[in-house]
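Worksheet: the structure to be examined is printed underneath.
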Amino acid sequence: MNCIIIDDEAMARAIVRQLCSKIPELDVIEEFDNAISAIKFLNQQDIDVIFLDIHMPGFSGVDFVQTLKDPPKIVLTTSDTNFAIAAYEYECIVDYLVKPITQERFEKSIAKISSISSQKPQAKIDSKQDAVEGEDLYINIDRRLIKLKLQDILVIEAKGDYIDVKTEKEEYRVHTTLKKIKEKLPEKLFLQIHRSYLINFTKIIDIEDNSVLIAKNVVPISRSNRPELMRRLNLL
Amino acid sequence: MIDQPNLNYVNELAGDDVEFRGQFIDIIKNEFPLEKEEYFGHVSNARVKETAEIVHKLKHKFNILGMENSYKLAVVYEMELLEGKHDSQSKFNEILETIEEYIKTI
């Protein structure tokens, strides 16, 4: 079984690598000190098992798991036992190892993985977003129905009982909710990255920390929406 | 009374693997002083969240060095910090000094 180790602490990675070295069927092919680098790697390489630290700064183990569309088996490694119940909500998480991990407990975990019927060992990021061309949206402004090309919409922002629809040339205020307009928009093109913002995913210029730049609009990314955004990025 | 650090866990894990043992000692000798310095930097600048983060990181080392009671204290201290308290600070600082002295001997 090919595996990778993700842990922000060098000491913890060394320990898991040592534990793996005593199991002939385990082959550690890479280790990472952050989840983002691992996502990039998983976009290129199929692996069978991830040993994942749940508590990492910035992008946590739970964020990471939510990012994977078709995850391999994941074994969490942490000292925070209070994460255990939440962890088992994810089908891909097959075990939970509390640090310091003993060889005996580690071997039990590997035996458990081996006994579980193997899923497709693939962790691909759903990166290809097909453009939706030729589709329109009619918005009601002062009893006039104005046609907007979906491709021209950059950002939609919630403003109380209204939404602001921003295109490259114009900005329209419409009496509706973000939830309602979201239902009308194709998921392939639009993504909610904050409770007050929908963005045209194809118009992203760059992403920095917790915000996205679309034309001249800096749009915040909420913590809960970040994993889905990361999942859809075509990361190199 | 602060429990004394030891390499029992690491020795058990290493077995005859001298290379791993050496690698582990190198890591702790390199990482611990930096993390300790980072901790005191956050404390002196009253950066509570960052202090809690580094306490979280340091407590793993207590565990690995067989310091069960110190680990428990660090868990409490981390929670205290997140609640705006720091009753366990002086004991935690003593643990750091104890480890610093210990790693000079390995």
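Quick reminder: no glycine exception, Cβ is built from N, Cα and C everywhere.
Curation does not apply to TrEMBL; its annotations are automatic.
Here's what TrEMBL has on this protein:
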DOMAIN    A:2-114  domain 'Response regulatory'
DOMAIN    A:137-235  domain 'HTH LytTR-type'
MOD_RES   A:D53  4-aspartylphosphate
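Mean pLDDT for the domain 'HTH LytTR-type' (A:137-235) in this predicted model: 87.
The C-beta environment of the residue listed as '4-aspartylphosphate', restricted to residues of the same chain at least 6 apart in sequence and closer than 8 Å, consists of A:I6, A:D7, A:D8, A:E9, A:A12, A:G61, A:L76, A:T77, A:T78. DSSP gives the residue listed as '4-aspartylphosphate' a strand state.
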